[in-house]
């Protein structure tokens, strides 16, 4: 327990320091297996989300649009 009053004396000079220390009441100890489990779960969740988004977007492979990419210009001189 590091709490208390610390005093440093050098010759005729005296300095003191008051230390207050509070323990964390709701802290959780995290070790290496816990951290690796969190990282692996995060990677799996990210991959699952990526696959879900890919499947939901509905890629229509082999089906091309018959609409042309060209647009005709308006024949009005003002807009050209």
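Glycine is no exception: its Cβ is also placed from the backbone N, Cα and C atoms.
TrEMBL does not curate its annotations; it predicts them automatically.
Looking at 39-59, 60-80, the stretch flagged in TrEMBL as region 'Disordered' turns out to be 60-80. Range 35-56 is the one annotated as transmembrane segment, of 13-34, 35-56 (source: TrEMBL).
Residues of the domain 'CD3 gamma/delta subunit Ig-like' (1-30) grouped by DSSP class, helix first, strand second and coil last, total 0 helix, 14 strand, 16 coil.
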